[in-house]
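A short write-up of the structure that comes next.
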Amino acid sequence: MALISLTLKHAKKYWTFIVAVLVLQLLSTIATLWLPSLNAQIIDKGIAVGDTDFIWRTGGIMLLAAFGQLIVAVGAVYFGARTAMGVGRDLRREVYRKVDSLSTLEATKFGAGTLITRGTNDVQQVQMLVLMTLNFMVSAPIMMIGGIVMALREDAGLSWLVWVSVAVLAVIVSLLVWRLLPLFRVMQDKVDAINGVLREQIMGIRVVRAFVREPFETKRYDVANREITDVSLKVGNIFVMMFPIIMMVLHLATAAVLWFGGYRVEAGDIQVGSLTAFLQYLMQILMAVMMGVFMTMMIPRAVVCAERIRELLDTESSQSFPDSETVASPAAGQIKFENVTFGFPGAEKPVIADASFVAEPGKTTAIIGSTGAGKTVLLNLMLRLYDPQEGSITIDGAPVDALTRAQLARTVSLVPQRPYLFGGTIASNLRFGRTDANDAELWEALRVAQGEDFVREKELGLEEPVSQGGTNVSGGQRQRLSIARALVAKPLVYLFDDSFSALDVATDARLRAALPDATEGATTIIVAQRVSTITEADQILVMEGGEIVGRGTHDELLATNEVYQEIVRSQLEEAEAA
Ligand code: M5T
Ligand code: MG
């Protein structure tokens, strides 16, 4: 079972704490069980016969026992909490590492929402169960059995009362729990649902506003919200009944003990003190039963969560990176594709079909082609965001999958088509690829990326805060920052995925003029929309439907390649029309 294997695996490390919890709880329970019998003695041997000395002495012992119980109970909770939180932390870390190791394909298949829930909420449920187990699962049975033994020692004649009240309470609470469980399961689903709706709306808030979809989205949210409210109300109703019913059972049991016990005291079968102790033991037993039942109520929920975590942890990443460097780090940065074919799992047509080309260091390779031609996927293959089904991709002769993550990251920098910035500052984002870059290097990169002016205008300059995803800067600014980020890293290979299209023609030209100096000696691969961006390139690859249908310089392609001619013609027409 996932729950047991997961928790055991992580709890092992804390065995000393767990032993401490067990010992402390045992002590605490023994003390708790001892107190009523001391109390009984005070009544029967002290008060009843007027032995003040005995009262003082036993009272003192009681005080000590109570104080000792307090201390060990605190200790037990402390170590229990340390263990549970530790297990939670380790589990969260394992989930995080797993998510980190998943390839892009598996991560997208799970989806960000459920990955986040599994790493936070689900782990928390498991952690909660560990905490509860350590706190109650040990003490509840001891308390119950010990309580029964002690109660019978005080008065065996009333034992039937113990059995009856335990049975009644157990049946009632179990019935309620049995009604609660399915509701809890539904509730988890509804929480997932409302999270999903909320998440999508926040992510898409600009689109929602632009298309005035608020009424529709609000309705969608209201539905999810009402569903969760309905379930919560049902749960609440059961809880509302639960406590009065439990209290009623406890009070009835008390009344019964006093009623039947009274007769026995009258008949001289037991003493008053024993009866008091019996009553206290009965309460302890019933409490233990209740705790036990509540505990079992938590288990199914934690089981579901543990299974969800297990499913994630058992997912083998379809990609693996070598842990240590087995081949020398590339020194030049020559990229070579040989008959590379890649398709998304389940799709019938490959997205990249039999692609072969070489991008030389110090040269610029441009890729042009209509939308959906496979340009982005081609770049992503170099970074191993996907692995091809056939063919080989090498850097300086070394297969990309022989390089460690760090080697690959040091060698290749990507300016993604949809740039993403991280929460922090402009400087922290620019240093993403090389943490030790100094401010002068950052400014230099910004100058090349044509981002210098707008950063200078910021009040805090390089220290200007950037929000998660980079949503507080404009699209064009985000693109320039992401170009600068790649430049700061100083890799051997630069991949620009359509990075210049958001720039106006003049800025585009300035950037292209500054770029060769900054990227000198490096392999530069540029995906472009505008022919004007790439006329100077040493080599242009024309892509269509996942295939490379033409290669050569601008002039060569203009003379021979029909697809290229078509692209040039359509862009000329646009320019003329404008
Ligand atoms: C090439 C398909 C897409 C297109 C083809 C990222 C992604 C792409 N595709 C999928 O099926 N699943 C995916 O997760 O692959 O896509 P591309 O390489 O992104 O195209 P592009 O960069 O040449 O286009 P553009 O618009 O950026 O110029 O058929 O459906
Ligand atoms: Mg693209």
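Residue numbers in this text run from 1 along the chain shown.
Any Cβ shown, glycine's included, is placed from N, Cα and C.
Residues annotated as domain 'ABC transmembrane type-1' in TrEMBL: 19-301.
The feature domain 'ABC transporter' is assigned by TrEMBL to 335-570.
If you look at the transmembrane segment (14-34), the same-chain residues 6 or more away from its ends with a CB under 8 A from one of its CBs are 65-66, 68-69, 72-73, 75-76, 79-80, 82-83, 86-87, 134, 138-139, 142-143, 146-147, 150, 281, 284. Taken from TrEMBL, the feature transmembrane segment covers 14-34 (among others).
Annotation comment: TrEMBL describes 54-79 (among others) as transmembrane segment. Counting only same-chain residues 6+ beyond the ends of the transmembrane segment (54-79), those with a CB under 8 A from a CB of the stretch are 17-18, 20-21, 24-25, 27-28, 31-32, 34-35, 38-39, 41-42, 45-47, 134-135.
Positions annotated as transmembrane segment by TrEMBL: 128-152 (among others).
The transmembrane segment annotation in TrEMBL covers 158-181 (among others). Long-range contacts of the transmembrane segment (158-181) within its own chain (CB-CB distance under 8 A, at least 6 residues past either end) are made by residues 148, 151-152, 235, 238, 241-242, 245-246, 249, 252-253, 256-257, 260-261, 264, 278, 282, 285-286, 289-290, 293-294, 296-297, 300.
Look at TrEMBL and you will find 238-261 (among others) tagged as transmembrane segment.
According to TrEMBL, the feature transmembrane segment maps to 281-300 (among others).
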